[in-house]
Amino acid sequence: MTSRKKLQGLVAATMTPMTPDGQINLPVIHQYVDYLVKEQNVKNVFVNGTTGEGLSLSIQERKQLAEEWMCQGKDKLDHVIIHVGALSLLESQELARHAAAIGAGGIAVIAPFFFKPTSKDELVTFLQKVASEAPDVPFYYYHIPPLTGVKIRVEELLDGIRERIPTFQGVKFSDTDLLDLAQCIHNNEAEQLEFLYGVDEQLLGALAVGANGAVGSTYNYLGRQTNLMLRAFAKPDLALARKYQFLTGEFLNFVIKLGFGVAQTKAVMTFVSGIPMGPPRLPLLAASEEFIAKARAKLDSIVWPDGD
């Protein structure tokens, strides 16, 4: 791999804008990129992941979205990471080749979750077969056991992984097991891997054990506030960092009790940014007007430490 800027800080798990009839809305991506960079100070994106409904899209749609993010993000974004995971190995390999061809800054793969790998060797073999199709592209494992049901600990997975996958660069760690994360970081300090935490409401805890940054949906619309939390943590001003984390948690705790998923995230992003994210794809249903009204009121009521 050629020399590259380290991926750290915030990475927005991007949503897939859709038209009212459920088709991907590519023209919105240009506005989306500018909003992330100028309004949220977020210059890294993770495309076609969970928040992006990647596994509900066709292979062609995923390619079109990847191409549009690469095109619109040129000279504006630092890193465009494309999630290429799929239930079919052949489809995942096809997406990996495509991501490499368009110059993606990295690729990520989720564990297959219908026929599940039950051992480290099964999982690493699958990941290696995908990574080998993009031999010059940094590779990330997307660990999200609450959705995949694949609970192979990352600490175990990482032992010797670069011997199998030379391009292995790090992990999108979307689990609450901070012990596993801490052991990963502690045991791999010499490897200079990137550990990007994926549970937004617990980011401060992950930073405390050494996470490099974070991939999450809230950074689409709370990126500016979370960047201020990162700055406070780095000073360190832990009291101020906690204020930001507690307020993010206050909002998420509120909306989770109402029922909070991809559809509701798209609704929040729409009213915060003014960019139409549209409905989710079935089987998900659009957020209710009641949810939107309550979520908007709650977010508006929060007074952040910078006075906004």
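Heads up, the Cβ atoms here are built off N, Cα and C, so glycines get one too.
In TrEMBL, annotation is done automatically, which means it is predicted and not curated.
Keep in mind that this is a model prediction, so the values were computed, not measured.
A sphere of 10 angstroms centred on the C-beta of TYR142 (active site, proton donor/acceptor) encloses 26 other C-beta atoms. The active site, proton donor/acceptor annotation in TrEMBL covers TYR142.
Per TrEMBL, active site, schiff-base intermediate with substrate is recorded for LYS172.
The pyruvate binding site annotation in TrEMBL covers THR51, VAL215.
Measuring Cα to Cα from LYS172 (active site, schiff-base intermediate with substrate), the recorded positions that fall within 10 Å are TYR142, VAL215, out of THR51, TYR142, VAL215. Sparsest Cβ environment among the recorded positions THR51, LYS172, VAL215 (other Cβ atoms counted within 10 Å): THR51. VAL215 (pyruvate binding site) sits 10 Å from TYR142 (active site, proton donor/acceptor), counting Cα to Cα.
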